[in-house]
Each structure stands twice: as C-alpha cells, then as structure tokens.
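Visitor: What follows is a single structure, and I will ask about it in a moment.
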Amino acid sequence: MALPRWFPLARAEARRLLTSKGPWMLAILLVLWAYRPSYVGWDELGPNLTVGFIQIAGSVLLPLGVLLLSYRSIVAERSSGSLKFLLGLPLTRTDILVAKTLGRSAGIAIPVIGAVVVLVLAGGFRFGLFSPLRFGAVLLVTLLYVVTLVSIATAVSASTTSTVRATGILFGGFYLVLTVLWKPVASAIYSAASGHAVSAYDAPADGALFLLLRVSPERSYHIVTNWLLGVGNSGALFEPALTKLRTPTSINVYAVDAAFEPGSVPLYLHELSGLLVLLCWLIVPLGVARYRFERGDLV
Amino acid sequence: MAIETTNLTKRYGDTVALDGLDLSVERGEVYGFLGPNGAGKSTTINLLLNYIKPTSGTARVLGYDPWTDVVASHRRIGICPDRFSTYDGMSARQHLQLVIDTKNVDDDPERLLERVGLADAATRPAGEFSQGMEQRLALAMSLVGEPDLLILDEPFTGLDPHGVALVRDVVDAESDRGATVFFSSHVLGQVEVVCDRVGILHHGRLVEEGSLADFRDQLELSDDATIEDVFVELTSETVASPEESR
C-alpha cells in the first residue's frame, strides 16, 4: 500500500522534534514528577501502583509540556514564512494539518514512552510485577491524551494569526481553566446555574454536575485511567480518589460512586464516556480549524 | 497556456491589491512580472499558489484550478517564494529530501545542491545560512522533479552578483529543458536578458505587456533604451492620471 501523501511531512515534523531538546527535557521531568509512592496507593493497588505513576505523569505536567511543544507549530511558520514551503508542496491544507498533528504527536509520544519505561522499571523493581494488561491500557489512553492535546494546540495554532493570541487561548483558556482550575470553575458554574452552593465534600447526586466536570479532557483522562486501574468513577488523580472512596476520610474530591447510590448511576456517567470526551476533543477543534484553515488567506 | 487569469481581483477591505488582472503566459515562455513594490506581484503569485483566495475572477495554472486542484498543480510546479524562511534545525539536504519525498520523485539532493552552489553545505543546518544561501536553497527546492512551470517570486533578493548570474543560468537551463518560467522582480536590469516577454504591473493592474522591442516601438524610445526607461515611461504615465489607474 502506498504511503499517504502527507507522510513525508509528518516524518520530518517528528524528526525535527526528536532531534531537539524539548521533548527529551519533558520526558526527564515526567519521570521526576510522576514517581510518587503513597501508602494509600500501595494499600489499595499493590504492584499496580506503578501503573498509577503513568496517570500522574499524564497530569498537569504532560499537558503543559505538550501544549508548549505544539502551540507554535503553524502560527509561527505563518509569521516566519516557512509555511510558504509547506503550502507549495503537492498537499492540501488539510494534509498539512494532519501531518502536523500526527508528526508532532509521534515526536512527543516517543520520549513520553521512554519516560513511562523508566517509570515502570523503577516502580516494578520496587513494588513487584504489575498487571501488563492494565499497564498496556493505561499507556494507550495516555498516548490518546497526547494526540488529543497536540490536536487541540495545532487547531488553535492553525486558526489564529498571532502567536500571542494562540498563547492566550491555549494557556490562559484551555490549560488554566479547563485543565488546572476546572473543578472550582465547574463547581461555580453549577452553583450559579442551580442556585445551590455545591461542595465536593458532599456532592449532590446530580448527573448534570458530573457531566459538566468531565468536559475537561484532563478529568476525562483521569476517569478512564482510574477505571482501568480499578480505582472507581472519579475525575481526580487515583490517590485522592482512593482516599475518598476506600477510606473513611472525607476529602474535597468529586467521585460518582460517592455521590450516587449503587445502581442509580446514569448510563452517561459510565467511565467510558470519558473516552468519548477525549475523542471529541481530538476531532472537534481540529475539524473547526480545518474548516477555517482551508478557506482563509495564509500569508 | 501555462498561466491564464481572467479578471482576477483581490481586495483587503477597501484596499485593492489586484484589480481585474487578465494574464496569459504561454507554455515554454520565460515571463518577467515587473512592477514597483506594492504593485500586486506577490498578491498574484500568492493567488496562483493557493496561499490566498481570490475576491473574484478565475485562474488556470497548467490547466488546473489553483484553489481546488492544489495537489495536481503543485506536483508540476516548482516554487521559490518571497519573504520565506527555512527550518533552522533541518539541513539543506533534509529540506530537499522533504520536497523530493512529497513530490514522490527520485531526484538526487546532492546534484540539486551542486546546481545552486551549495554542495559544500549539504549537511549544515539551514539556521546557519546567510540570506543568499537560503535563497539558493529555495531555488534548489523549486527545481525538484523537473517542474513544467517554475514560479519564482523575487528570486534575485539577497543575492550577490554570482548568485544573480546563477539564477539567470538556472532560468536559461530550465527554459531550454522546456519549462515555463514565471518570475517577479522589481530589479529591472536583471530581467531583460532572461525574459521572452514582460508584463508591467502598477497599482494592481497590468499596464503593459510585450517584449522589449515592442515597448521601444510603442513608446518611440531609442534603440538603446533599457527596460528601466520603459518602466519609468509607463509607470509615470499612470501616476500622472491616477483616476485611470484605479
């Protein structure tokens, strides 16, 4: 089968990233950031605590790193003029978006896989053999999260004409609001809309609240990986989620299993809907960007 | 026809960058597209290459619609853009390899670099290149796959006299091979020796078109009049009656 025509560009993008320092710096930071043994983690997950480290690696730092490595991908080429070469190739503008997204994803995923290998070697050595199935599944979802983040950053980069605006949208909007601060923001939105102050210590069994919470790709990533780890239905990191669900301690964490009676959880709050949210974030922004990118003036 | 535009117009708000351009470039011709800065030369080229979309009008490039048949037309066009930048981290050879692989041809990057005098710099990252070297690299990239049409936007920019001679040689060689060459320039002296025909663009309109001999006859200039004289004669005429040029 012939390679798609965007393949050489995707390969060049990946190579450009892999021969630069950024992604490898990110990989080192991820290892240092994610290796965090905890009593509750060990008590509840046993050797699979090691797989949990991958989830920690995928949180806060990974999205920041991926956005930093991707937000300039098109907007900066537009202002420097190198985009003229790409537009001059026998490729559609959509081909260019696809090549950028997949090439960058590969260029970031490879160092991330390297970081994961180091993490699981260290964890496996300390805590014993973990479930290879859970490991494989969590790794796959983490890589899906990487591609999703690259796709969001590429979409914004392709839709704006200034690097400053791309920075504002991605870091001020997407990263700060939807990734870091989504729990208080969603709580505030829900409180304002329902007229009842809501608290994560004692959350109401309202599907709308929990649906709103998983709009954030970060929280959806946690929901899916918590499910794969056998932690429970929560958008928090596995350790606070375990503390909330498995210990008598009441903490400031939203968990579907803590709010709803067993058997009364609406179907749309199943953990798999988190996967659906990630796929939406992967496809919708890039689809909108494609529409704009295909039609506009690019120089 | 290699290039044919009908009533091609590009407006940015109230500003008319290109005003109803009718242009025909025959296959095999070397066509010089001349005009002062801001006349609309780059706008025309950007339109022909699908960098920007037209406000109105139509165009055909090698028989293709430049805005819908991008892949088919770009396969047969070599492009040397104006005000571009190369990739800092990629070597000259990697730049060429990307074009070769995307065009799906089996050219030798070394041979192309030799043609533009960059053989010694093949493995150096383009980030270290001078403006003239970048311009040569862009020229080499435009030659990949023996294109039927070369579109060179201000190809003499940033080049020393050796580089200027090189561009002329390349244009001659490509023309001998049978390629059509369409290039823009505001440096007039460099144009008349290579062009079969020139078009002069002013305020977004084609004000004159023909060979240098045609211009001499038409404007009753002496036989040793240069293209500079033609240019000054034509553009000052339109400046003198601005309502006509709009």
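Backbone N, Cα and C define each Cβ position, glycine as well.
TrEMBL annotations: computationally assigned, not manually curated.
Annotations per TrEMBL:
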TRANSMEM  A:21-39  transmembrane segment
TRANSMEM  A:51-71  transmembrane segment
TRANSMEM  A:108-129  transmembrane segment
TRANSMEM  A:135-156  transmembrane segment
TRANSMEM  A:163-182  transmembrane segment
TRANSMEM  A:272-293  transmembrane segment
Visitor: Have the transmembrane segment (A:163-182) and the transmembrane segment (A:272-293) got at least three CB pairs under 8 Å, pairs 6 or more apart in sequence?
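Guide: They do not touch: fewer than three Cβ pairs between the two stretches lie under 8 Å.
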Visitor: Take the C-beta pairs under 8 A between the transmembrane segment (A:135-156) and each of A:21-39, A:51-71, A:108-129. Which stretch has the highest count?
Guide: A:51-71
Visitor: Going through A:21-39, A:108-129, A:272-293 one by one, which has the most CB pairs that fall under 8 Å from the transmembrane segment (A:51-71)?
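Guide: The listed stretch sharing the most Cβ pairs with the transmembrane segment (A:51-71) is A:21-39.
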Visitor: What same-chain residues lie close to the transmembrane segment (A:108-129): Cβ under 8 Å, and 6 or more beyond its ends?
Guide: 14, 17-18, 23-24, 26-28, 30-31, 34-35, 37, 42, 46-47, 49-51, 53-54, 57, 62, 65-66, 69-70, 135, 139, 142-143, 146-147, 150
Visitor: What else in the chain is close to the transmembrane segment (A:272-293), if you only count residues 6 or more beyond its ends and a Cβ gap under 8 Å?
Guide: 93-94, 96-97, 101, 141, 144-145, 147-148, 151-152, 154-156, 158-159, 214-215, 217, 219-224, 227, 235
Visitor: Same-chain Cβ contacts of the transmembrane segment (A:21-39) under 8 Å, 6 or more residues past its ends?
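Guide: Same-chain residues near the transmembrane segment (A:21-39) but 6 or more away: 49, 53-54, 56-57, 60-62, 65-66, 68-69, 107-108, 110-112, 114-115, 118-119, 122-123, 126-127, 239.
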